[in-house]
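Asker: So Swiss-Prot lists these for the protein:
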ACT_SITE  His697  active site, proton donor
BINDING   Arg16, Glu17, Phe18, Lys19, Lys105, Trp564, Glu608  5-methyltetrahydropteroyltri-L-glutamate binding site
BINDING   Ile434, Gly435, Ser436, Glu487, Asp602  L-homocysteine binding site
BINDING   Ile434, Gly435, Ser436, Glu487, Asp602  L-methionine binding site
BINDING   His643, Cys645, Glu667, Cys729  Zn(2+) binding site
Amino acid sequence: MVKTYAFGFPKLGEKREFKRLLENYWKGKISQEELIKGMEELNLWRANLYRENVEIIPSNELSYYDFMLDTTVMVGAIPSRFGEYRGLDTYFEMARGKNALELTKWFNTNYHYLVPELEGENFKLLINRPLEDYKFFKEKGINTVPHVIGLFTFLKLSKAPKRVEEEGLPVIILEKLDTKERLEKFTKALLPVYKELLESLKNEGVNRVHFEEPALVTDLEDYDWEILNEIYSELSKVGVDLGILTYYDSVSDYDKFVNLPVKALHFDLVSNEENLKNIKEKGFPEDKELIAGIINGRQPWRANLREKVKLLEELLKVSANLVVSNSCPLYHLPVTVEPEDELPEGLKERLSFAKEKLREIRLIKEALEGKEEALREVESSEKVMTAVFAQNPEVRRRLASLSEKDFQRELPYKERDKIQRDILKLPLFPTTTIGSFPQTEDVRKMRTAYRTGKISEEEYKNFIKQKIKYAIEVQEDIGLDVLVHGEFERSDMVEYFAIKLDGIATTKHGWVLSYGSRVYRPPIIYGDVSRPAPMTLEEITYAQSLTNKPVKGMLTGPVTILNWSYYREDVPKREIAYQIALALLDEVKDLENAGIKVIQIDEPAFREGAPLKKRDWPEYFDWAVKAFRLASRAKPETQIHTHMCYSEFNEIIEYIYQMDFDVISIEASRSKGEIIEVFEKFKGWDRQIGIGVYDIHSPAIPTKEEMKAIMLRAMKVLPKELLWVNPDCGLKTRRWEEVIPALRNMVDMAKELREEVGVKV
């Protein structure tokens with residue numbers, strides 16, 4: 001018999017109730033009691049949606065900020081700087097206070113989690129949220145399966161203090177548990193807490209618990225599997241049925257995974273075909289339940305239900321204990337497609353957000369049982385999802401005609417560099433910014449007024465021009481060498497281009513949580529991508545008309561647009577990336593023809609889109625590098641910049657070099673310039689590097705001395721002729737009164753540095 005189950009339904013609410021509750025609480029507009037009551041209502045709303053569609057309902061899913069933070073608090077891993085745990089006050093201090101935990105990407109998704117810091121080895125069951133939530137639903141007559149982040153994944157994503165030497169002095173740094181010894185030590189310390197948790201749930205009548213273990217799809221060592229066996233052997237002794245959920249990729253070792261001592265195993269059968277291949281070829285244990293994640297939890301497309309029913313029929317031949325489910329948590333999707341009334345024609349019927357995915361899970365089971373409504377849906381979904389949609393013959397022709405030369409600049413870097421230096425005549429240590437300037441309240445208000453039709457397009461454009469003029473005046477007064485227009489017309493670096501490109505749709509209500517209460521609306525790449533008209537030309541050329549200094553053209557790169565959007569599944573990602581790249585190349589050509597000499601193509605998502613297993617990296621980086629090269633195939637005299645605002649380059653430096661830009665700007669302030677070592681170790685590095693000398697995430701105004709120290713560090717390992725000076729990221733979230741003195745200090749520091757090395761200013 002087939003059962004139905006879903007997990008990870010978005011907590012945001014159809015009208016972003018979660019966001020409003022949190023932010024009103026933080027602003028002091030509602031009490032803690034009102035916050036809790038509102039969260040309980042959201043929790044019940046989610047549970048009722050589950051009940052309408054699936055038989056197995058999860059609990060302990062509605063975190064007040066982040067599920068990894070919840071687990072950190074649950075096991076009592078409160079760093080000493082936060083003092084005694086004082087309920088929600090400490091909880092939110094750990095999440096968003098002055099000394100908050102580090103925030104980083106959750107695997108290769110666009111969700112962010114708070115990194116646990118394991119200071120000591122004394123842990124305890126501090127807050128038993130899984131038990132509280134189970135009891136909450138039990139009192140309402142709803143039987144649930146508690147969900148908990150698995151101990152192995154929790155440890156793999158945690159950091160602990162480690163003693164290292166820096167310039168001959170002992171220093172304590174936080175590092176991942178990257179050795180067998182460190183992992184074993186903390187497993188031993190935390191396993192009793194997890195056992196106590198299971199005991200408490202068992203005493204309340206819980207007979208099944210699911211542990212989320214996405215770390216099992218990453219590259220694992222043999223000792224990792226030994227530790228996993230130890231964890232689940234111990235936990236299974238409690239006498240509660242255990243399930244392990246894996247997602248985002250195939251499990252790294254099928255044989256070891258299916259032999260773990262648990263009752264149920266969840267497989268992502270969407271991200272690739274390896275899990276399914278292993279299940280069919282190697283079989284599946286008769287005494288275990290196979291949870292088949294066949295409904296895509298990461299992409300918003302309606303399922304071809306005929307294909308899914310057929311797949312389940314195949315799986316039933318392998319396992320009689322079958323559960324149909326989603327491939328990964330549904331919180332990567334908006335709540336529902338229902339209110340979307342401005343999508344391109346024919347698109348809405350092809351979409352399925354979280355609410356619709358729950359219904360699809362139910363329909364698959366009902367179709368297997370031969371129910372008429374479900375069978376009609378099977379037919380309808382197949383008809384819609386197999387029809388040709390949003391194809392552009394001209395885009396296809398351009399793709400088909402691409403050859404190797406389209407992925408190469410006309411001249412090698414060293415020859416381009418000479419030409420560009422002659423044209424730009426920039427001083428040593430040229431100064432610039434990354435692109436955006438403060439988006440103040442008046443900018444947001446005018447954008448909203450324009451979007452809602454309260455002001456005309458002409459009024460809005462005139463307002464943007466005033467802002468650009470002010471930004472140019474400020475930069476000239478400060479003395480920056482290469483200027484930017486400020487990006488006042490852009491609310492989001494991907495959405496801005498998505499709106500202007502054919503083949504990409506934006507939603508009105510398709511909000512997804514990124515972290516805490518922060519939401520975004522991913523664009524949807526639904527068809528062949530092309531550029532019907534120039535996208536940035538008007539603003540950039542206006543800015544350039546106001547100054548004799550070079551103004552950078554500012555584009556978001558093809559890899560980032562793809563990785564931060566939902567994308568179609570009927571063509572390979574490589575092809576989508578090349579389509580976007582060709583559209584951007586058209587923009588580059590227009591900017592060049594308008595006299596723009598410096599063009600920046602930002603790729604912040606270049607690394608984060610990489611597959612979770614390194615064996616899959618060569619294929620990904622091959623098309624990622626080529627997409628950038630295709631978009632940036634400018635004239636030799638045009639200086640191409642790129643920007644990457646993360647600091648872990650070690651593993652991908654070779655791929656970064658292959659991108660063949662002229663200048664790359666990087667974050668260097670938070671790592672105090674340590675990132676420079678990566679470029680030092682790379683033999684033959686000859687590209688220019690913009691050193692991010694101050695942390696834009698802090699309101700503090702950096703001193704000349706602090707910034708100079710980072711530059712001096714860089715000068716020890718890189719030729720001074722290669723170095724630029726810039727902040728580490730865009731200045732959109734800062735205030736003008738912070739930005740102006742910081743940039744003034746930065747420019748003054750660069751001038752002093754030129755004098756110190758004997759160059760006339």
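Each residue, glycine too, has its Cβ placed from N, Cα and C.
How buried are the listed features, and what sits near them?
Answerer: For the recorded site, His697 (active site, proton donor), the DSSP three-state label reads coil. Within 10 Å of the C-beta of His697 (active site, proton donor) we count 13 further C-beta atoms, all protein chains included.
In the three-state DSSP scheme, Glu608 (5-methyltetrahydropteroyltri-L-glutamate binding site) is classed as coil.
All protein chains shown were included, and the count of other CB atoms within 10 Å of the CB of Asp602 (L-homocysteine binding site) stands at 24.
Under DSSP, Gly435 (L-homocysteine binding site) is assigned to coil, being neither helix nor strand in the three-state scheme.
Contacts of Cys729 (Zn(2+) binding site) defined by a Cβ separation under 8 A and a same-chain sequence distance of 6+ are given as Ile434, His643, Cys645, Glu667, Gly692, Ile696, His697, in order along the sequence.
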Asker: Taking the center of the Cβ atoms of Ile434, Gly435, Ser436, Glu487, Asp602 at the recorded L-methionine site, which other residues in this chain have a Cβ no more than 8 Å from that point?
Answerer: Thr433, Val484, Met493, Met554, Gln600, His643, Gly730, Lys732
Asker: Going by C-alpha positions, which of the binding-site residues (Ser436, Glu487, Asp602) is nearest Glu608 (5-methyltetrahydropteroyltri-L-glutamate binding site)?
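Answerer: Out of the listed candidates, the nearest Cα belongs to Asp602.
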Asker: Would you please pick out, from the binding-site residues Lys105, His643, the one with the fewest other Cβ atoms within 10 Å of its Cβ?
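Answerer: Per-residue Cβ counts within 10 Å for the binding-site residues Lys105, His643 bottom out at Lys105.
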Asker: Name, in the order they occur in the sequence, the residues of the same chain whose CB lies under 8 A from the CB of Glu17 (5-methyltetrahydropteroyltri-L-glutamate binding site) and which sit 6 or more residues away.
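Answerer: In sequence order, Gly38, Glu41, Leu42 meet the Cβ cut-off.
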Asker: How big is the Cα-to-Cα gap, in Å, between Ser436 (L-homocysteine binding site) and Trp564 (5-methyltetrahydropteroyltri-L-glutamate binding site)?
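Answerer: Distance between the two Cα atoms comes out at 19 Å.
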Asker: Considering only the binding-site residues Gly435, Glu487, Asp602, which residue has the minimal Cα-Cα separation from Lys19 (5-methyltetrahydropteroyltri-L-glutamate binding site)?
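Answerer: Nearest candidate: Glu487.
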Asker: Among Phe18, Lys105, Trp564, these being the binding-site residues, pick the one whose CA is nearest to that of Gly435 (L-homocysteine binding site).
Answerer: Trp564
Asker: Quick one: pull the CA-CA distance for Arg16 (5-methyltetrahydropteroyltri-L-glutamate binding site) versus Glu487 (L-homocysteine binding site), whole Å only.
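Answerer: Given the Cα positions, Arg16 (5-methyltetrahydropteroyltri-L-glutamate binding site) is 27 Å from Glu487 (L-homocysteine binding site).
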Asker: Just counting, how many other CB atoms are there within 10 A of the CB of Gly435 (L-homocysteine binding site)?
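Answerer: Other Cβ atoms within 10 Å of Gly435 (L-homocysteine binding site): 25.
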Asker: Can you figure out which of Phe18, Lys105, Trp564 (the binding-site residues) comes closest in space to Glu487 (L-homocysteine binding site), comparing Cα atoms?
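Answerer: Sorting the binding-site residues by distance from Glu487 (L-homocysteine binding site), the top entry is Trp564.
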